[in-house]
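Look at TrEMBL and you will find 67-159 tagged as domain 'Arginyl tRNA synthetase N-terminal'. Among the features that TrEMBL reports, domain 'DALR anticodon binding' is placed at 532-648.
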Amino acid sequence: MLGCLTFVAPFSPSPLLSLHRFSPLSVPSSPSGLLKFASRRFSITATKAESLSTMAVDAENVGSVKRQLAHLFEVSLRTTVPSEPDIAPLVEPCAAKSGVKFGDYQCNNAMGIWSKIKGKQAEFKGPPSVGQAIMKNLPPSDIIESCSVAGPGFVNVVLSRNWIAQSLQRMLIDGIETWAPRLPLKRAVVDFSSPNIAKEMHVGHLRSTIIGDTLARMLEFSHVDVLRRNHVGDWGTQFGMLIEFLFEKFPNPEDVNEAAIGDLQTFYKASKVRFDSDPEFKQRAQQAVVRLQGGETRYRDAWKQICEISRTEFHRVYERLGVHLEEKGESFYNPHIPGVLEELNKKGMIEDSEGARVIFLKDVNIPLIVVKSDGGYNYASTDLTALWYRINEEKAEWIIYVTDVGQQQHFDMVFKAAKRAGWLPADDNSYPKATHVGFGLVLGEDGKRFRTRNTEVVRLVDLLDEAKNRSKTALLERDTAKEWPEEEVEKTSEAVGYGAVKYADLKNNRLTNYTFNFDQMLNDKGNTAVYLLYAHARICSIIRKSGKDIEEVKKNAKIALDHEDERALGLHLLQFSEVVEEACTNLLPNVLCEYLYNLSEIFTKKFYSNCQVVGSPEEGSRLLLCEATAIVMRKCFYLLGIVPVYKI
Ligand code: ARG
């Protein structure tokens with residue numbers, strides 16, 4: 001199968017073998033570009049025999065309705081147009097047209113097939129007849145209740161209620177992990193957060209931390225081994241200045257500690273003032289950089305002390321956010337830079353330009369500087385080396401960088417260089433691949449870059465404090481919470497406050513700027529974490545109030561979806577897996593947020609408004625629907641890095 005791939009991996013191909021496990025039918029959802037991607041992958045990676053052999057394995061992927069339908073349509077396509085074995089099924093959930101839906105899912109292959117076979121297969125007179133044939137050739141299956149052909153050959157599928165109900169019941173027994181998507185890769189690097197030592201960790205880093213953590217969680221859930229990398233800026237000329245300043249302030253290294261130094265940012269600013277105003281200090285600082293890079297013990301030790309203090313500060317934020325990261329800072333890659341540049345040089349990629357060493361890249365009007373005119377390395381040389389390391393040493397197949405959109409060109413150039421070097425294939429849809437996940441600015445309510453009243457930058461710790469305190473005040477205004485033990489109040493206000501900050505960020509398309517507004521994010525109505533967390537708590541309380549042991553109900557009751565709102569809820573629950581797959585494939589956490597919000601709306605406004613749960617003849621089945629909703633909601637919360645609450 002590897003022979004069918006369009007590139008030869010520059011390293012041992014073993015991670016790529018994972019592609020075997022995936023059916024070419026692993027079609028990413030919706031945007032049309034991705035559909036093209038799907039059919040392309042199909043054509044380069046599979047033959048008919050292979051796709052059939054992968055079917056059994058793909059059956060592991062029981063969670064995805066879309067994939068299961070795609071299997072059925074694939075069988076039909078092979079019979080309908082035997083002359084076109086490379087056509088992949090295009091299956092999507094149906095969108096409502098003027099409020100009417102013709103089915104739950106739709107197969108959209110007819111028109112594409114018609115344009116390929118026109119005149120070749122006499123039995124077809126146009127796309128509608130191709131659609132009819134696709135429908136007729138579908139193998140029998142208990143998934144489908146009925147099918148119809150609409151317009152230019154769209155095949156609409158109505159899913160069987162029974163099958164939806166059984167799938168939910170099975171998930172309740174086997175666990176939601178059985179609904180985890182399978183992605184065609186084994187290992188990924190997510191490079192996120194990555195603040196700079198001694199400089200402020202600003203809201204941009206907060207966004208990177210929140211988005212990166214969610215992407216990592218979604219990939220991990222999808223069975224990918226994720227290396228969560230904190231690429232901290234722990235190297236660079238600023239360290240000369242910091243170290244000299246440290247020597248001045250603390251002639252005795254033993255006196256250096258966090259308490260003595262205080263806030264590192266203030267320390268940084270003071271050293272900068274000294275640097276700018278005293279030429280003699282400046283000179284010493286510049287020499288300090290050289291001595292640090294030369295490895296002199298005293299300088300290395302001072303550098304380590306500064307990094308350690310910074311690390312403790314960062315760690316406090318990560319701990320509160322529940323984010324886990326593994327630090328491999330810029331300095332880690334230093335020893336590898338000369339070798340990597342030598343390799344690029346041998347490939348004829350590096351040129352001299354105004355005293356610097358640079359790489360010129362196609363369609364980019366500025367060169368990528370890899371050695372500065374003073375002989376030093378820079379951000380780009382480090383990133384090129386880190387990318388080389390991640391591909392070749394760590395064997396990552398997908399390397400994801402989460403930073404503000406301002407760094408897009410930098411990454412674009414680094415990736416282009418890596419392709420030219422042959423580390424990455426030219427085709428963006430093949431693995432290994434590198435992706436820059438950009439995000440917009442955080443704005444204040446004045447529409448300008450987010451700042452607080454009196455400080456220039458917003459300290460993340462203050463921000464989290466405020467979110468927590470505000471949610472605590474709101475919580476204590478509720479009668480129920482007044483009797484809660486202090487610890488519970490604390491925990492709930494943290495879950496709600498931090499959850500609100502995260503969700504407000506994640507629910508937007510990450511590329512857009514977003515306005516930071518406490519009142520909005522802490523509102524208990526509308527699309528906020530507060531609303532969602534409360535909705536979840538309410539579902540838990542319905543189950544509690546029934547007085548039934550849900551584990552017993554699982555054993556004894558059977559889900560039935562007779563009411564149309566029960567069916568709508570059941571179907572939405574079942575779409576969890578394909579939504580996570582889409583959010584992962586396109587690196588868009590907002591897709592999952594939207595799903596979660598809709599789930600909560602369908603539960604509250606449709607199901608719970610129209611279907612009595614406790615005390616009704618359908619109580620058992622409906623309690624199971626409540627439980628399934630709570631389970632799916634909790635998994636969404638988990639993937640979004642939000643701690644659920646069970647009580648309000
Ligand atoms: N330290 C950088 C900054 O604060 C972000 C680093 C992102 N990662 C990378 N591999 N360049 O802007």
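Backbone N, Cα and C define each Cβ position, glycine as well.
Computed over the domain 'Arginyl tRNA synthetase N-terminal' (67-159), the whole-number mean pLDDT of the model equals 93. Remark: secondary structure over the domain 'DALR anticodon binding' (532-648) totals 86 helix, 0 strand, 31 coil, with classes taken from DSSP.
Mapped onto DSSP classes, the domain 'Arginyl tRNA synthetase N-terminal' (67-159) shows 32 helix, 21 strand, 40 coil.
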